[in-house]
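For CYS49, CYS52, CYS57, CYS74, the entry in Swiss-Prot reads [4Fe-4S] cluster 1 binding site, with the evidence type sequence analysis. Positions annotated as [4Fe-4S] cluster 2 binding site by Swiss-Prot, on the basis of sequence analysis: CYS117, CYS120, CYS123, CYS157. Per Swiss-Prot, the feature [4Fe-4S] cluster 3 binding site maps to CYS127, CYS147, CYS150, CYS153. Annotated domain '4Fe-4S' per Swiss-Prot: 32-91, in sequence order, evidence recorded as sequence analysis. The domain '4Fe-4S ferredoxin-type 1' annotation in Swiss-Prot covers 108-137. Taken from Swiss-Prot, the feature domain '4Fe-4S ferredoxin-type 2' covers 138-167. Residues or ranges marked as region 'Hydrophobic' by Swiss-Prot on the basis of sequence analysis: 1-26.
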Amino acid sequence: MNTIWIAVGALTLLGLVFGAILGYASRRFAVEDDPVVEKIDAILPQSQCGQCGYPGCRPYAEAVGLQGEKINRCAPGGEAVMLKMAELLNVEPQPCDGEEQQAAPVRMLAVIDENNCIGCTKCIQACPVDAIVGATRAMHTVMSDLCTGCNLCVDPCPTHCIELRPVNETPDSWKWDLNTIPVRIIPVEQHA
């Protein structure tokens with residue numbers, strides 16, 4: 001019984017010593033992130049599609065915040081993201097020109113021709129937001145609520161059964177743009 005308490009005490013002491021070492025190391029060797037990069041990264045849609053020329057949203061945010069990259073390269077975010085970044089960085093909004101892919105004015109949605117789908121799962125692997133579901137050698141389908149229309153699933157398809165189609169706005173698919181609604185703060189007097 002005495003050896004059990006010695007073992008418990010030794011393990012507790014080791015845990016405390018190593019915990020203190022890890023705590024010291026985490027503070028001593030901590031890397032501070034740039035708060036501007038964090039804010040830019042929060043603005044981006046996090047689709048990790050690579051249409052901006054960077055492997056994901058975080059590297060693009062670092063390029064904009066630290067290297068002065070253009071703010072109009074995010075195709076899925078379009079003009080709304082560009083305007084938010086321009087406001088954050090206090091720069092002039094930049095219209096999309098011929099070099100950058102201009103965001104489509106209509107939301108695009110990937111559609112799979114299920115009769116020609118062979119179930120190879122290449123589109124599932126290419127989708128950055130997991131909007132395509134299906135199993136090996138079974139037909140796949142796109143979940144329209146998750147699809148960003150980034151076009152990354154079209155090229156890997158060996159049977160070319162995926163295409164992007166515009167989504168027609170219906171009362172069910174239309175959403176309020178909350179950034180355009182004017183909001184006023186009305187002061188309220190409190191009576192004692």
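Even glycines carry a Cβ here, placed using N, Cα and C.
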Candidate nearest CYS150 ([4Fe-4S] cluster 3 binding site) in space, where candidates are the binding-site residues CYS49, CYS52, CYS74, CYS117, CYS123 and distance is Cα-Cα: CYS49
List of residues, in chain order, with Cβ under 8 A from that of CYS153 ([4Fe-4S] cluster 3 binding site) and at least 6 apart: ALA110, CYS123, ALA126, CYS127, ILE132, ILE162
Cβ packing number for CYS127 ([4Fe-4S] cluster 3 binding site), 10 Å threshold: 24
Alpha-carbon spacing, CYS52 ([4Fe-4S] cluster 1 binding site) to CYS117 ([4Fe-4S] cluster 2 binding site), which is rounded to whole Å: 29
CYS57 ([4Fe-4S] cluster 1 binding site) versus CYS120 ([4Fe-4S] cluster 2 binding site) - Cα distance in angstrom: 28
Listed binding-site residues (CYS57, CYS74), ranked by Cβ neighbours within 10 Å, top entry: CYS74
Non-site residues, in chain order, whose CB comes within 8 A of the mean position of the CB atoms of CYS49, CYS52, CYS57, CYS74 at [4Fe-4S] cluster 1: LEU44, PRO45, SER47, GLN48, GLY50, GLN51, TYR54, GLY56, TYR60, ARG73, ALA75, PRO76, GLY77
Shortest C-alpha distance to CYS57 ([4Fe-4S] cluster 1 binding site) - which of the binding-site residues CYS117, CYS147, CYS157: CYS147
Cα proximity to CYS147 ([4Fe-4S] cluster 3 binding site), best match among binding-site residues CYS49, CYS74, CYS117, CYS157: CYS49
Residues of the domain '4Fe-4S ferredoxin-type 1' (108-137) by DSSP state, where helix covers H, G and I: 5 helix, 7 strand, 18 coil
